[in-house]
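I have placed the structure first, in the form of structure tokens, so that the comments after it can refer back to it.
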Amino acid sequence: MSFGNRFFFVSLFLGTALTRFCNCNQVVLLDTTSVLGELGWKTYPINGWDAITEMDEHNRPIHTFQVCNVMEPNQNNWLRSNWISRQAAQKVYVELRFTLRDCNSIPWVSGTCKETFNLFYHETDEAHGVKFRPAQYTKIDTIAADESFTQMDLGDRILKLNTEVREVGPINRKGFYLAFQDIGACIALVSVRVYYKKCPFTLRNLASFPDTVPRVDSSSLVEVRGACVDHAEERDTPKLFCGADGDWLVPLGRCVCSVGYEEIDGSCVACRPGFYKAYAGNIKCSKCPPHSFSYGEASAICRCEKGFFRAEKDPPTMACTRPPSRPRNLMFNLNDTCLLLEWSPPSDTGGRRDLTYNVQCKRCGPEPDHCQLCEDELRFLPGPLGLTNATVTVVDFSAHANYTFEIESLNGVSDMSSFPRQVAIITVSTDQGGPSLVGALKKDWASPNSIALSWQQPEQTALPIIDYEVKYYEKEHELLSYSSTRTKAPSVIVSGLKPATWYVFSVRTRTAAGYSSYSPKYEYETTGDSSNMASDQGQVLVIVTAAVGGFTLLVILTLFLLITGSKLHKKQTACTPLHCIDYSLCLSTVPFPGIKTYVDPDTYEDPTQAVHEFTKEIDPSRIRIERVIGAGEFGEVCSGRLRTPGKKEIAVAIKTLKGGYVERQRWDFLREASIMGQFDHPNIIRLEGVVTKSRPVMIVVEYMENGSLDSFLRQHDGHFTVIQLVGMLRGIASGMKYLSDMGYVHRDLAARNILVNSNLVCKVSDFGLSRVLEDDPEAAYTTTGGKIPIRWTAPEAISYRKFSSASDAWSYGIVMWEVMSYGERPYWEMSNQDVILSIEEGYRLPAPMGCPVALHQLMLHCWQKERNHRPKFTDIVSFLDKLIRNPSSLLPLPESPGEEMDYPMFISVGDWLDSIKMSQYKSNFMAAGYNTLDSVARMSIEDVRRIGVELIGHQRRIISSIQTLHLQLLHEHEKGFHV
Ligand code: ADE
């Protein structure tokens, strides 16, 4: 019996049902829905399968094969496809769409009607068109319908289309035939699609990866080496692995844009004129430094403007500079044996710091042209060339000579300039200094510490006397040092002398022509006798004062220590986690970590006993529930207030156990409280108590105003400084150190299980061992049957449930990554399976945008495969403390050693904005008064918004650069100079 050709064919339905989505990683070898002409498939015997071609609403053919010889026994009807070339495939997929009629719905067919058909294939190197021999065919599978349809469905025009996919392979010949064997079913084969999977061409990390066919063996990956895109070069060999499903996995290595090119949207784009990039790497093109330019595109370096130069060792990031102007205010100071030349640095240093001076001496006769060089005759101290101080002493000069000294300022680019040398000139006549003194240097009076001197003013001086210089020294220490003092009058009181000590004095005059030679030396003594007593008394007084002062100081110090000590003690004991920011003072009340250990409440025979032991029962009348803030596994989570007699009312979060629970659920709920109640640390959520004696059963904990860390960070994307983020991480690490010291393994450490209070203090929450994982929406079942948050969990814990503080350290690394990426999902949209595979292959999460290298290094340390190599929480805490104390270590470091020195020092706010391609906001910054980098470095995201930066992406770019700038400025200040 046949049911006729169109007994279950509804073309309108199929036309819609066959619409497909893009399968971009599939290469289709055959798709019967897209064959426009005849299919030309063979049927054996002729009256078995029936080929029907219908037209759909777009007038495209729909090829269907039907067979329905359900009444006749021993059916063996074959349908054979044309030869299908396998192309590059090693394994192919056959997707069948068909309808199948339910035998029970056909009357009187019970013995003969079947509900399956068989799928076969046969490999050959070419289409042979010869006779069909079923024996040559290999069976792929028996195909049954998930959904068969009945007469009633047919009446309702409901067709139940089945889709079945089978893998075929490995295929070694050039192609193959498919064959469909019907053994007495009522089938309509609506479409056949044969395809193989490939990892499609892709661009990753500036490398291109070609179309790649996966291995037949689905457990092994194909390693593919990428080729750098144009104008990029390899940093580490870029590689991807092609997985069996046509997905690219485990990106390793990368390319970076070459010099003169920067990355924009995955390709390397030439730097615009006026910009340059001197090093290959993931850095942007920078605006040409001052006094340099680039006219063309893709400049590796900017050329210096005319008159400006770059010294051989100047980095390309440095401004071009020029030789300095001449020294200023050149003066000399002449005495019998020494000529001191002094000058002021040039007004223009040329933009450099490597300023030096050369001195040249000329001795001229009456004719100015008749000069000879005279350096060799004289001695210069410290030398005539390369002087770094603006002074030189000249000795060994002749007594009656005219010397002309030329002082030249030089810097690192002086040799490059063809401009005439810039020199300051002075002529010194060694016999025409100022007028020497006539007459003696008289002592007017002396005291224990002073001597008053006077002398006669020289008469008839050619030039007016500017002042006198009095030189003096202790007679006994003549060779050690001398002092001098200046006076305009011909008298002076020299003070600061020692009592009863002989001093030597001499005086010289100074005119515009220089100094005269010194007068003869005069020796005078300070008084000592009677004044010695006074002095001794003075000393006694000093000693007494010092003794009394010292004692007073001692008393004050002792009192201070007592007071601060007690305050400190108070601070330690009264320091509530809510208000505890000063971690160093907020010590755990566990005096010696490791001594108090965690007790697993599950080890209690009677769980109620554990609740009693570790928690406080709260009278519900002390609790005021205010709002519902969330839903937990056991009931609502509310916020409210808790009153405690004699204490301030506090904000609390209240977890409730909804009614209708069984004893087991009640214990699961209270287990968390019995665990939490054992902890007391500023970075662990604090249990206030439980309500178990009345309904509803409640757990009351401290209230954390900012909720869970992951959503908090997502809501405040880009809002915090790196130091603030590190502060949060430090808190979490400190809480985890406490837990590991107590011997408690968390197993579900993740940003969603950290709570944040109004002071940004982060506290670890969600305790309860296995229950935690049941409750966690991230936890997935593993092949070994456990429920595990794959992305946060160490490989050994996933594979064989080896949970330890070391596996918590792995999770901590993931939390670090979540924090530094402001709540990004670890491994993004990769499937759990891909995450496991990638980790096994050695892939690790890359540094989030703007994350300091030191922090990423710490993450990588936490993600060591060998769990004993991971850092302990105590190491993590001290490492983070060091980073916080030394903010320059948090600078995002340059990638190549060459860049290290040349972290761009932006000159102006405008230059900085240009460098981050945010030039359009220059006027906003200026109008709001942010015209120095120091002021910019203090801006918050609110400030950035307030000045009119509206686009979130721009706000992020600016704020992330400000963070770098902030650290950079700190770094500069640390080094002791300002930008
Ligand atoms: N959600 C869950 N526990 C909380 C708490 N302690 N504070 C605020 N929100 C919470």
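A Cβ is built for glycine as well, from the same backbone N, Cα and C atoms used for every other residue.
Since we're looking at a predicted model, the values are computed, not measured.
Summarising the annotation, TrEMBL assigns active site, proton acceptor to Asp748. When secondary structure is read from DSSP and collapsed to three states, Asp748 (active site, proton acceptor) falls in the coil class.
Per TrEMBL, the feature ATP binding site maps to Ile629, Gly630, Ala631, Gly632, Glu633, Phe634, Gly635, Glu636, Val637, Lys655. The Cβ of Gly635 (ATP binding site) has 18 neighbouring Cβ atoms from other residues within 10 Å, across all protein chains displayed.
Within 10 Å of the C-beta atom of Cys68 (disulfide bond) sit 23 other C-beta atoms, taking all shown protein chains into account. The disulfide bond annotation in TrEMBL covers Cys68-Cys186 (among others).
Here TrEMBL flags Cys103-Cys113 (among others) as disulfide bond. The number of other Cβ atoms within 10 Å of the Cβ belonging to Cys103 (disulfide bond), over all protein chains shown, comes to 19. Cys103 (disulfide bond) falls within a helix when secondary structure is assigned with DSSP.
Residues annotated as domain 'Eph LBD' in TrEMBL: 26-204.
Each residue of the domain 'Fibronectin type-III' (323-433) gets a DSSP state, and the totals for helix, strand and coil are 3 helix, 51 strand, 57 coil. Residues or ranges marked as domain 'Fibronectin type-III' by TrEMBL: 323-433 (among others).
As a summary of secondary structure, the domain 'Fibronectin type-III' (437-529) carries 4 helix, 42 strand, 47 coil according to DSSP. According to TrEMBL, the domain 'Fibronectin type-III' annotation covers 437-529 (among others).
Sequence annotations record features per position, and here TrEMBL assigns domain 'Protein kinase' to 623-884. Model confidence over the domain 'Protein kinase' (623-884) is summarised by a mean pLDDT of 90.
The domain 'SAM' annotation in TrEMBL covers 908-968.
TrEMBL lists 1-24 with the feature signal peptide.
Residues or ranges marked as transmembrane segment by TrEMBL: 540-563.
Taking a Cβ cut-off of under 6 Å from any atom of ligand 1, the recorded positions Cys113, Cys186, Glu633, Gly635, Val637 reduce to Val637. Taking each of the binding-site residues Ile629, Ala631 in turn and counting other Cβ atoms within 10 Å of its Cβ gives the largest count for Ile629. Summary of the ATP site environment: with the site residues Ile629, Gly630, Ala631, Gly632, Glu633, Phe634, Gly635, Glu636, Val637, Lys655 set aside, the chain residues having Cβ atoms within 8 Å of the Cβ mean position are Cys638, Thr656.
Compared over the recorded positions Glu633, Asp748, the count of CB atoms lying within 10 A of a residue's CB peaks at Asp748. Cβ neighbour counts within 10 Å, taken over all protein chains shown, single out Cys186 as the most crowded of the recorded positions Cys113, Cys186, Val637. Rounded to a whole value, the Cα-Cα separation of Cys186 (disulfide bond) and Ala631 (ATP binding site) is 52 Å. When the Cα atoms are compared, Ile629 (ATP binding site) and Asp748 (active site, proton acceptor) turn out to be 22 Å apart. Among the recorded positions listed here, namely Cys68, Cys103, Cys113, Asp748, Asp748 has its C-alpha nearest to that of Val637 (ATP binding site).
Residue pair Asp748 (active site, proton acceptor) / Cys68 (disulfide bond) shows a Cα separation of 57 Å.
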